[in-house]
Amino acid sequence: MIAELGLAALWLAAALAALQLVAGAFAQRDGTTELAGLARPAAIIQGVLAAFSFLMLLILFAQTDLSVKLVAMNSHSAKPMIFKLSGAFGNHEGSMLLWITVMALAGALIAAAERRLPERTMMATLAAQAFVGLGFYAFLLFSSNPFERLPQPAMEGMGLNPLLQDIGLVFHPPTLYVGYVGLSVAFSFAVGALLTRQVTPDFARAMRPWVLGAWIFLTLGITAGSYWAYYELGWGGWWFWDPVENASLMPWLAATALLHSASVLAARDALRAWTIMLGVVAFSMSMVGTFLVRSGILTSVHAFAVDPERGTFILVLLSIYIGGALLLFALRAGTVSEGERFSVTSREAALVFNNVMLSAILGIVLLGTLYPLLTEAFDVRVSVGPPYFNPVGAIFVVPMLMVMAVGPLLRWRQDNIVRIRLPMLIAGGAALAVLLLVTVTTNIGILPLLGLALSAGLGIASFMPLRGRKLRLLPLATWGMVIAHFGIAVALFGMASESAFSEETLAAVEVGDQAEIGPWQVVLSEVRPTAGPNWTALEGRLLVSYKGGTSKEIDPQSRNFWAPPQETTESALVTRWNGQLYAVIGREAGDGRWQLRLWWKPFVTMIWYGGILIALGGVLALIGRLFADLKRRAVKLRGAERRGLSVRNVEPRDAGA
Amino acid sequence: MITGLKPKHQRLILVLIALIALIGAGLLAASALRNQASYFYVPTQMAEKPPAPGQAVRLGGMVQEGSLQTLADGVTTTFVVGDGEATVPVRFAGILPDLFVEGSGVVAEGRLDAGGTFVADNLLAKHDENYVPRELQEMTEHQKNQVVAETEIGA
C-alpha cells in the first residue's frame, strides 16, 4: 500500500509539473492569462507531493518491505536503522527520487518565496523549472521506478555495499544533491531571463541567494565527501581525481564563478550575458556529473549498476536541456544589451579575471575527466590522474589566488593600484618570507611550496578588507567574503602541508613490537576478533604516544561483512591540533607478524576546516543578503502605505512585450 | 583605461581575452593529457611493446595461481599477472586490497623497472564479488577460458 501511495504521489507530481509548464509558458507570453494564477500553486503542491513520495520510500526501507524490488536489492533486515534509511538513496532509483524531490522542493520554494522578479520572468522561470523537472519525472517513472513490486516477496534483502554503510553516507549524498539540484534554480532563472530579455541588477539580486544556498551545500558536500573517502577507503588520500569527485567539483567551480559574476551584475550592472551563461553552465555541470555517475560510463567507487538504457535516457535528457539552453543563449545573448564599463584596475576587472581562471580550471577538469572516454572510442585505454590535474590546474590556480588576494581591496569601476600598495606589500612580503624560509629549511616540491607561500599571503590579505572599517557596521555579506576567502587559505595550507610533510611507513610487526612514524611511537599490543551487527572483524589494538607522552589506544580493523560478503579496512585516526595519525591494519604476514601502515599527516585537518570556513562564509553572506532584502522590502512597504497604495501595485509591472 | 572605449568594444575585448585564456587552457590540457595520461596494458601488449621503464602505466590481468609470495620483510608481495598468453612479474609493497587472491583479476598502477619487473604503487582489485575492473570485462572470453584452464591444471 505504501509503495502504491508513493508511486501515485509521484505521478501526480509529474502531472502538476506539466500543468506548471503550460501555465508558466502561457503566462510569460502575455502576462495576463488566467492560467498565470495556477503556476505558483502547482509548483508548491508538486513539491509537497514529491516530498511525500520520498517519505514513502523511506518508510519502505525502514520497514524493510521485501516485496519491493528496490528494498530487496539494496537492504537487509540486519542492518542498523540509520543505514536502512540512508540505503534508500544509496542506489540508483532512490538517489534519482531524492534528486527530483529536491528539485521539486526548490521549485516550490521559489514559487512561495521569490517576490523580486518581474512577474513575466517569474512565470518563465517556473516554466523552465517544470520543463527540466518533467524530464527527470519521465526518467524515474519509465526507466527507474523505485516502487516496483516483486512478483514474490524476497526472503531476505541483498544488503548494501559495506563501504556505503557509514555515517558519512547518511549526510553526504543529500547535501551534495541539494547543491547539485539547487543550481537548477539558477538554470531556470537564466532561461527565464533570456526568454523575457530582462537581465538587470534586480535579477542578479534575486538569483544570488539561490546560488549562494546551493553553493553552500555543494561546498559542505564536497568537504564531507573528501573526508569520507579519506578515512573510509584507507588509502590515506583525501582527493583522488575520481570522475565522481570531479563531477562534484565542476558544478562548484561554475557556481563559484556565477556567485562572483552575479555580484558584479548586482552592484554594477555589468557582465550580463556572462552571468546568464554561467547560470546555464553550472546546472549543466550538475547534470553531466549525474550522467557520468548514473550511466556507469566511467568506473568509480560511486557507480551504481551499469545500465545502457538508462545511460541513453540521461544522455538524451542532457542534450535536450543543455543544448536547448545554449541554443537559446546563442539566439538571445546578442539582444541582451551591454552593461556598464569598467577600468582595467577595478574590482570588476579582478572578478572577471578570476571568472576566466575558474572557467579555465573547469575546462581542464572536464577535459581530464572525459579524456578516457574519448580515447576509448579509438580503443586506447588510459587513466588520467594527479600527474595531469595537479600541475595543469596549478597554472591557473596560482594566478587566480594572487588576484583573489588583491581583488576585494579594489574599488568598483576604477581604481589606482598605488592606493593599495601597503596591503599588497604586506601580503606579498608574507608570501615571499614563507617561500624563502621553506626553501632554506626543507626540500619540498614546487607545488606544495607555492601552496604554503600563497596560503600565507592570502590568509593575511583576506582580512585586509576589514582595515579602516568600523567592524560593527560592516555588512554581514562582507564578513562572509572575508571568512570564505580565509577558508580558501586555510584549506590550501592543509593541502600543501599534507603533500609536503606527510610521512608514511609500512611495517610488519609482531604483537608487542613497536613501530615509529614521525613523532609517534606505535605499539601493537593485541590483535583480537570482534563483531558488529552485520560484520565480524580482526581488530588491532595500538597504543600510540606522541613524542613519548601518555599513550592512547586506537583500534584499526579489517572487517568482514556477510551481506553482501566483502572485506573492508577500517582506518583508525588520532587527531591533534597539528595533524593526524592514520593507521591501517593489513593481513598476517604468515609468520606471526602483522602488516601495519601508518601515516603522520601534519595539519591535514586544515583541509576540511577550510572547507567548513568557506561554507560558513557563504552562510553569513546569505543571512546578510536576506536581511538586507527584508529591510528593503519593509522600507518599500512603508513608503507605499504612506502613499496609500497597496504593495502589489508598486511592484514593477512588466511594461509588456 | 575607462576613457574612450565604447561599451561594445569593451565587451569585445573581454570576450577575446576570455577566449584566448580558454583556448590556451585547452591546448595546455591537450598536450599535458598526451604526456601524463597513464596507458593501460595487458601482459601480451607489455611483452610485445613494453613502455619505457619509469613511465606510469597500468597493468591488468589475472593473478596466476601459486605465484603469490610475501618477502622476508613481511610487507612486500610478489606475484605474476597473466592474460593467458604472456605474463609479467609484479612487486608491490603495501597492504593488499580486500579480496585480493590468486586467480582473481587485478589492475596494478605503477611502472616497469629496468629488469622487467612491474613495480606497483597501487592495486585495484575487485571490491566485492560483483565488481570486475572495467578493463578486464573486455578481456576476450577466449583469454579468460585460457586463464581458467591454466589455473585448473596448475591447481
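The backbone N, Cα and C atoms fix where each Cβ goes, glycine too.
Between the listed ranges A:68-88, A:446-466, TrEMBL ties the annotation transmembrane segment to A:446-466. When TrEMBL is compared with the stretches A:43-63, A:505-525, the one noted as transmembrane segment is A:43-63. The transmembrane segment (A:352-371) makes no contact with the transmembrane segment (A:209-229), as judged by fewer than three Cβ pairs under 8 Å among residues 6 or more apart in sequence. Note: the stretches the transmembrane segment (A:177-197) and the transmembrane segment (A:606-628) are not in contact (fewer than 3 CB pairs below 8 A, sequence gap of 6 or more). Between the transmembrane segment (A:606-628) and the transmembrane segment (A:313-331) there are fewer than 3 Cβ pairs closer than 8 Å, counting only pairs 6 or more residues apart in sequence, which means the two stretches are not in contact. Sequence-distant residue pairs (6 or more apart) of the transmembrane segment (A:125-143) and the transmembrane segment (A:313-331) include at least 3 whose Cβ atoms are under 8 Å, placing the two stretches in contact. When each of A:43-63, A:209-229, A:313-331, A:422-440, A:473-496 is scored by its Cβ pairs under 8 Å to the transmembrane segment (A:274-293), the top-ranked stretch turns out to be A:313-331.
Same-chain residues lying 6 or more positions outside the transmembrane segment (A:209-229) and placing a CB less than 8 Å from one of its CB atoms are 106, 110, 166, 168-169, 171-173, 175-183, 185-186, 189, 237-240, 242, 245, 248-249, 251-252, 255-256, 258-259, 262, 279, 282, 607-608, 611-612, 614-615, 618-619, 621-622, 625-626, 629. If you look at the transmembrane segment (A:313-331), the same-chain residues 6 or more away from its ends with a CB under 8 A from one of its CBs are 132, 135-136, 139, 142-143, 187, 190-191, 194-195, 273, 276-277, 280, 284, 287-288, 290-291, 294-295.
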